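Pulled from Swiss-Prot:
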- 1-20: region 'Disordered' (REGION)
- 59-64: motif 'PP-loop motif' (MOTIF)
- 134, 137, 225: [4Fe-4S] cluster binding site (BINDING)
- 282-305: region 'Disordered' (REGION)
- 282-293: compositional bias 'Low complexity' (COMPBIAS)
């Protein structure tokens, strides 16, 4: 007689996942992604050397908070030793919550300095009402931070510009200054005295915003220039957002193109010797007429018409 096995009980529905656990996992993945991108940028451009004293410029915005957080995490497992000091420039803007950053940095245990310099009054006095303050404010802020770096033995100055900033700057230079230029991930200042690094060069702004929200950084809004409407950078930013919406990945493609420059396919005579094209080996330069002769011939042809 064949035994009849009892039918198995139907499987109970699995317990629903705790949304808090899912959120924590997503935040963990995002944090690891940002760490990987920051580490890659540091490696690709040689941003940090053994013994560096890095001044982390902290404005109170999402970008600089994220940059400091990433550098602190990487510092614990970095292949070379380096130190960090967070520096905020108190520009004496009205209603600026001066207590926020010291309280946050004290709780974090990070060495920091607050540099007080009333650039707000200067900008407000010099820039006409209704005009953009960003350019002058940026120059004054940069001068104050460079002066601090000079007197405190800083070897690298870390700024919180991200990938979207770099691409937007490229288009601003293209549209308004007729030049192909963006923000270098690493550069030497114009006076040659300082090395500036941008550890967030590979990180998208949307990911920074999500990370800052997850970490609940005490964000301080900029009431000086951040509130001005119709700024060129905002307009370019909206254009890039629209492009990314219409064709996801387009901004990433543009960013990668900045690292694949081909001078022979452009028209900058200082970067590529177009006059040498057509020579073979060590042949001497062609005995071509002076370029001015072509202009003279062109004018003569025009006159004869």
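From the backbone N, Cα and C atoms, a Cβ is placed for every residue, glycine too.
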Completion exercise
Among the binding-site residues 134, 137, the one whose Cβ has the most other Cβ atoms within 10 Å is 137
Practice task
Would you identify the secondary structure of residue 134 ([4Fe-4S] cluster binding site) according to DSSP, in three states?
Solution key: helix
